[in-house]
Protein chains: 2
Amino acid sequence: MEEAAFHGETVITFLWIAVILLAAKIASLVEKIGQPSVLGELVMGVLLGNLTLLGIHVFEPMKHDSIIAFLAELGVVILLFQIGLESNIAKMRKVGIRAFLVATIGVIAPFVLGTYIVGPWLLPGLNQNTYLFLGAALTATSVGITARVFQDLGKLHISSAQIVLGAAVIDDVMGLIILAVVSALVTVGAVSLGVISTIVAEAILFLVGAIVIGHFAAPFLGKVLSKINTGVGMKFALAISFGLVFAYLAKAQFGLASIVGAFAAGLVLDPVHFRFFREPKVLEDFREATKDANGELRERIKNVIEHHSHRHVEDLTDPLAHFFVPIFFVMTGMSVQLATLFNPQVLLVALAITGVAVVGKIAAGIAAGKGDRLLVGLGMIPRGEVGLIFATMGASLGVVPPDVFSIIVIMVILTTLLTPPILAFLLKRKGGGEISTPSSIAALAHA
Amino acid sequence: MEEAAFHGETVITFLWIAVILLAAKIASLVEKIGQPSVLGELVMGVLLGNLTLLGIHVFEPMKHDSIIAFLAELGVVILLFQIGLESNIAKMRKVGIRAFLVATIGVIAPFVLGTYIVGPWLLPGLNQNTYLFLGAALTATSVGITARVFQDLGKLHISSAQIVLGAAVIDDVMGLIILAVVSALVTVGAVSLGVISTIVAEAILFLVGAIVIGHFAAPFLGKVLSKINTGVGMKFALAISFGLVFAYLAKAQFGLASIVGAFAAGLVLDPVHFRFFREPKVLEDFREATKDANGELRERIKNVIEHHSHRHVEDLTDPLAHFFVPIFFVMTGMSVQLATLFNPQVLLVALAITGVAVVGKIAAGIAAGKGDRLLVGLGMIPRGEVGLIFATMGASLGVVPPDVFSIIVIMVILTTLLTPPILAFLLKRKGGGEISTPSSIAALAHA
């Protein structure tokens, strides 16, 4: 009865999903050489997306497949929801001030450098509004890539990771304000304080609201769930739905990014309330097989059963993440147009602008405090899709000419692709840190 | 960098997915009263889809959301792939002749009854082509619903289930031929033998090809996989991709339904080759805790470890099915328009036509042989989307007037909604049967 099932147009998407899943899995073999698998997925995407340079056009329709685009967004939403679940709201609050400082400096430094110093210096004679958009494009951090690197290496719980996550949320709110301001300056020529206060108020309302709702709703939900004892299916559905509703609210109602909503949802859901107490078959079998053991052995067996009978909602969302998350990163890689790197003059300016992008965030990292400075600074570098939003908007307003657009695209490419290996290198050199959660792959293997 | 991520239009789909998941989970509480959860999902869909009758229009956009439609189709593809994995090709072959007979009678009986007897009798004075489409709409079985009922009750392995699955695949091929014939009769006025032979040849080529490829490729894949030892992620990606590629090929290249391709893929993938040998953490812990046990206890512990260290690819696809499959059934329910039941005259004729639909398939069940007759006959009853394809096509060709269209829709509604409870009642009365696999919910809980 499914209408779209009758049409043949969407069936090709099955093939694209298969291509992405296989490509991502092959790419994740970079783990064998110690690299985070997100790097493999990005590079694989870049390769697939640029086969046109070799005259192979077969994968081009993927770039314009709206269902694949949706699945990619769902992927990054699920990723940030998971990362929110694995993050601790108390710990987050503890790094709150530092995250705020990192976000603020990380927005102001590249904006001022780009708009007033390096922009006019390297690209003289352009409209002031062009510099404005160039600077704005340098501000916003794309948190998905950094979060994946921390997750791949099992380092989500170290303080640097928490600061980056917090700063990225605040960063998104600031990005929203900047976008509103520069758009108003270009179109109306002036900024309305009313509009800006509304944006700020809405964003704060959403974030504070999410935390308050979470504070009261999660324990209530947990109580209800443990009473009706409906099994894991219900918990899984409730958790995922919670994340999706928050993603929707953030984007549709408050103008924030969907991933900010998903992260907030994960953050406020205390995983403890989603523990499931149903005993897996394997434990039952062990209990049965060893029921006549006694003494110390009995005690040890009891401990193992105890330890493994609590499982968390992350275990349920992991296989889903396995399916959806690589779609986002492969598609992010595919949107990289290597051809833009071929113009030497543009490339040179782009390298300088990338330098500004890096320096601005490294400077912001200083606010993170001792021990976290470099990791946080590096973690804030990827600009991802947010930089491109500014470029696209500027182009559509007629103030970002094609070469400046290319420069922004190259800056995004470089910050996106260079961050994972450098971050991975530093994280591994740093070693232990706090106790880490297993990466999602390990968790799935052990599920 | 994901373009669609910039647009707000698709974000509402997050909300629809959350609505469907929650509605489906609430609906699956019908399990508590012994009903298969698919029935709950269908009824919940009917409720959501007909709230307009009470003046609530908020869920209407879901029906026209092309991404939801795609996710629904992906859901039924994953379901049939899973069911293929759980089916055994040797057992399938054993019931092959019976399945063929069931399919053949199940196509001919309702077609002849509908086109030449009951159609002209109850709806006199219509164009002969109208009767032709009415009869054709009565032929094709929609296997998703029956398969879910068998799966929900853990009865996929009984011979009746295997006969229904086999017959449904053959049925789809026959449906294809009938669709080509009636379309040709209506548009050209004659049937080209060449066109029909091409359709038949292609369908047979696909099914035979799938089995041959599976016969050789699956052991090869298994060998490669066990050599490179890439862990479960790769096996998961390979298995799912295999199913998706077959679904694509069936629909895009051979004109079959995507679910036939997915089922064939699951059938030819011998799950043995996708066993994963990595020892879960819980087993390691037990081995460690009980390493000084001896005698009979040691032996028993060894057996439990042995038993649980082989896990199959179904365990990996289950959480995915949990997410996607309910979307299909809730959306199927939503496409039911209760308003069509309000015209008493149409309703009466529709009830009679539904009787023909039921009788035709019950008659076909006789070919299934002793012990399976009634279950197979009932299992073939749901017409689902396939009946609607005929109705829609006939309407677009101008030979199916609105009231006949409504009659077909009501027939589809009734056969779809009445089969699950009756089948569940019979299956539970029949009891044991062969050893059954756990339903997907139980499997997830034990994963």
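Quick reminder: no glycine exception, Cβ is built from N, Cα and C everywhere.
The shown structure was predicted, so the numbers you read here are calculated from the model rather than taken from an experiment.
Per TrEMBL, domain 'Cation/H+ exchanger transmembrane' is recorded for A:21-287 (among others).
The domain 'Cation/H+ exchanger transmembrane' annotation in TrEMBL covers A:307-428 (among others).
Taken from TrEMBL, the feature transmembrane segment applies to A:12-30 (among others). A Cβ distance under 8 Å defines the sequence-distant neighbours of the transmembrane segment (A:12-30), meaning residues of its chain 6+ beyond its ends; these are 36-37, 39-41, 43-45, 48, 59, 61-62, 65, 67-68, 71, 323, 326-327, 329-331, 441.
Feature annotation from TrEMBL assigns transmembrane segment to A:42-60 (among others). Panel annotation: around the transmembrane segment (A:42-60), residues 19, 23-24, 26-27, 30, 145, 329-339, 416-417, 420 of the same chain, lying at least six beyond its termini, place a Cβ under 8 Å from a Cβ of the stretch.
Residues or ranges marked as transmembrane segment by TrEMBL: A:66-85 (among others).
The transmembrane segment annotation in TrEMBL covers A:97-119 (among others).
Positions annotated as transmembrane segment by TrEMBL: A:131-151 (among others).
Summarising the annotation, TrEMBL assigns transmembrane segment to A:163-186 (among others).
For A:192-220 (among others), the entry in TrEMBL reads transmembrane segment.
Positions annotated as transmembrane segment by TrEMBL: A:232-250 (among others).
Per TrEMBL, the feature transmembrane segment maps to A:256-277 (among others).
Residues 17, 20-21, 23-25, 27-28, 38, 41-50, 53, 59, 62-63, 68-69, 71-76, 78-79, 82, 144-145, 148, 240, 346, 384-385, 406, 409-410, 413, 416-417, 440-441, 444 of the same chain lie 6 or more positions beyond the ends of the transmembrane segment (A:320-340) yet place their CB under 8 Å from a CB of it. Here TrEMBL flags A:320-340 (among others) as transmembrane segment.
Annotation source TrEMBL lists transmembrane segment at A:346-368 (among others). Under 8 Å from some Cβ of the transmembrane segment (A:346-368) lie the Cβ atoms of residues 98, 101-106, 109-111, 113-114, 118-119, 122-123, 134, 138, 141, 160, 163, 167, 340, 374-381, 383, 403, 406-408, 410-411, 414-415, all in the same chain and six or more residues away from its ends.
If you look up TrEMBL, you'll see A:405-427 (among others) marked as transmembrane segment.
The stretch with the most CB contacts under 8 Å to the transmembrane segment (A:405-427), chosen from A:66-85, A:131-151, A:163-186, A:192-220, is A:131-151. Using the rule of three or more Cβ pairs under 8 Å, pairs at least 6 apart in sequence, the transmembrane segment (A:163-186) is in contact with the transmembrane segment (A:97-119). Residues 77-78, 81, 84-85, 206, 210, 221, 225, 256-262, 264-266, 269, 274, 276, 278, 313, 316-317, 320 of the same chain lie 6 or more positions beyond the ends of the transmembrane segment (A:232-250) yet place their CB under 8 Å from a CB of it. Under DSSP, residues within the domain 'Cation/H+ exchanger transmembrane' (A:307-428) fall into helix, strand and coil as 101 helix, 1 strand, 20 coil.
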